[in-house]
């Protein structure tokens, strides 16, 4: 009995070699965890993101305070000599000649930051510095209401970056250069240290931040260029000297417009000319003498950024998963399919190849649907820009808005101001939702086409659609014959032409055929109703992001919130920034500056050296002014003619009642 336990005993030196932990050779040593294959480990930058954002937020507040010292509000504080500090405006939305690239870049940066915020756990990154770690050692990220505060945080973070461009001061350009380079340096440093992240896709954060880096890179170059120009005296006295340049160009182009009708009609009509006309009506091309408002430029920029961000999210969120599933298919999939009663083949290896091929086809259908959705959305955007220009030109000429009679007043209203404020945001949201709906519809359509028609025809198996058509061909043939025979009878039997006018004939046969074919027409009507639902769904999905088009009937067009917002947006734009009205105000200021005065010129008037430049507003190439006063008189005389001919919507209340009825509805 003593020999048995003695046989199980081992020497002390052999105890470590046959320990319990050494039996599992796949276990990591030292308590380390195995990293799953293909999974990206979490990356942490050398400096916490919270510290980055804390420094950027402090710098932004400092820049905003300095800008407030530069921008003096004399109108609000007339008793103060130099004025009181005021909050600078980030963007002058209703100005016609302010730089448009800077607001577009800032809005692109803001939207890209919001897109990166959605999958991020840290809604307010700098709060993680003060957050207490949880029991497992990880810092608890703020969620819930902090996400809402994060939306306001990023808007306030980039507020000074946009306000530096509207201040019109050399110090503002210096502050903008510093702030833009700080933002760009932080973003580049973070992407360089952690190019791969485990969220959604390893390169999603890097790809989604490309518009962000592009916008910050542009701002980091634009502000230094403006700073150098201000030091070299290449710019004028700021934005005040540029306020009437677009209005002057618009009015000059309107009054000096040449007759192009003869050359247009004498041109040869062919395929190239027809294609050119179609492209002109479908794709926006700039035209001299007309600029789109800044709000529309921002909407186009935000729409392009939204298309990129949504398409990227749809691509990296689905395609890598399909590829992983296709790479992990083994022979066990045959047993899984057999459990559902699906037997593709007796050979298991052939089943694996078939499943991989079907997954590859599914991936192709998904990518094709995504490409088609992006192309259609982009074409709808370009078509909308053409419609915007057409509507604005018609409203500048005095056309009436096709809203209800209660909303046709030219004066701004509470609803109109709210719609104007939310127009660009609505446009971005509509484009995002429209692209998502189009992706779902096109993916289902391409998948059905591939798996029910193309692949069965190519491989000669799984002919489910063709077998169903084979079994139900009498039904479809009856419906087709009913439709064909009714159309033939309507053309040859029930319609007769007398003296060039078609008339009904054989009415008894017509009544009998209508009664007898009623059951078949009910079935045909069911098919037509299904087709109508599919067609209307496809049409509305494609035009969901087009706010200038109502998705409801004309009588209920005002119930469409997107269309209603667009029409009120046009009302504010035309009533507050009409180029002809701006040119008229510029002429009044220029004429006032020419009058002999003993007191100094006010701040809002032009300088004495700029009156000659303003007199060139309405002068043609043939007549040039020799002096300032004759030019001013001719300018005022020609403005009287232009003012008489132009119908300014802001002055509708001063028109005659007969002229109000002459304005046609806006198409």
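Cβ coordinates are placed from backbone N, Cα and C, and glycine is handled just like the others.
Under the heading compositional bias 'Polar residues', Swiss-Prot lists 1-13.
Annotation comment: Swiss-Prot describes 8 as N-linked glycosylation site.
Tertiary proximity for the intramembrane segment (510-547) is limited to same-chain residues at least six positions away from its ends with a CB under 8 Å from its CB atoms, namely 303, 376-377, 380-381, 383-384, 423, 426-427, 430-431, 433-435, 437-438, 441, 478-479, 482-483, 486, 489, 493-494, 504, 562-563, 565-566. Per Swiss-Prot, intramembrane segment is recorded for 510-547.
Taken from Swiss-Prot, the feature phosphotyrosine applies to 643.
Per Swiss-Prot, region 'Disordered' is recorded for 1-20.
Taken from Swiss-Prot, the feature region 'Interaction with RBP1' covers 235-293.
What Swiss-Prot lists as topological domain 'Extracellular' is 1-50 (among others).
Per Swiss-Prot, topological domain 'Cytoplasmic' is recorded for 72-100 (among others).
Summarised as a single figure, the pLDDT of the topological domain 'Extracellular' (122-144) averages 55. Residues or ranges marked as topological domain 'Extracellular' in Swiss-Prot: 122-144 (among others).
Taken from Swiss-Prot, the feature topological domain 'Extracellular' covers 190-205 (among others).
Annotation source Swiss-Prot lists topological domain 'Cytoplasmic' at 227-295 (among others), citing similarity to another entry.
If you look up Swiss-Prot, you'll see 317-367 (among others) marked as topological domain 'Extracellular'.
Residues or ranges marked as topological domain 'Cytoplasmic' in Swiss-Prot (evidence: similarity to another entry): 389-422 (among others).
Taking DSSP states H, G and I as helix and E and B as strand, the topological domain 'Extracellular' (444-473) has 25 helix, 0 strand, 5 coil. According to Swiss-Prot, the topological domain 'Extracellular' annotation covers 444-473 (among others), on the basis of similarity to another entry.
As annotated by Swiss-Prot, topological domain 'Cytoplasmic' applies to 495-509 (among others), with the evidence given as similarity to another entry.
The feature topological domain 'Cytoplasmic' is assigned by Swiss-Prot to 548-667 (among others), with similarity to another entry given as support.
Between the transmembrane segment (145-165) and the stretches 101-121, 206-226, 368-388, 423-443, 474-494, it is 101-121 that has the most C-beta pairs under 8 angstroms.
Recorded stretches compared: 101-121, 423-443, 474-494; the one with the most Cβ pairs under 8 Å to the transmembrane segment (206-226) is 101-121. If one looks beyond the transmembrane segment (474-494) by at least 6 residues along the same chain, the residues whose Cβ comes under 8 Å of a Cβ in the stretch are 504-506, 509-510, 513, 517, 520-521, 523-524, 527. Counting Cβ pairs closer than 8 Å to the transmembrane segment (368-388), the top stretch among 101-121, 296-316, 423-443 is 423-443.
Same-chain neighbours of the topological domain 'Extracellular' (444-473): 358, 361-362, 364-365, 368-369, counting only residues six or more beyond its ends whose CB sits under 8 Å from a CB of the stretch.
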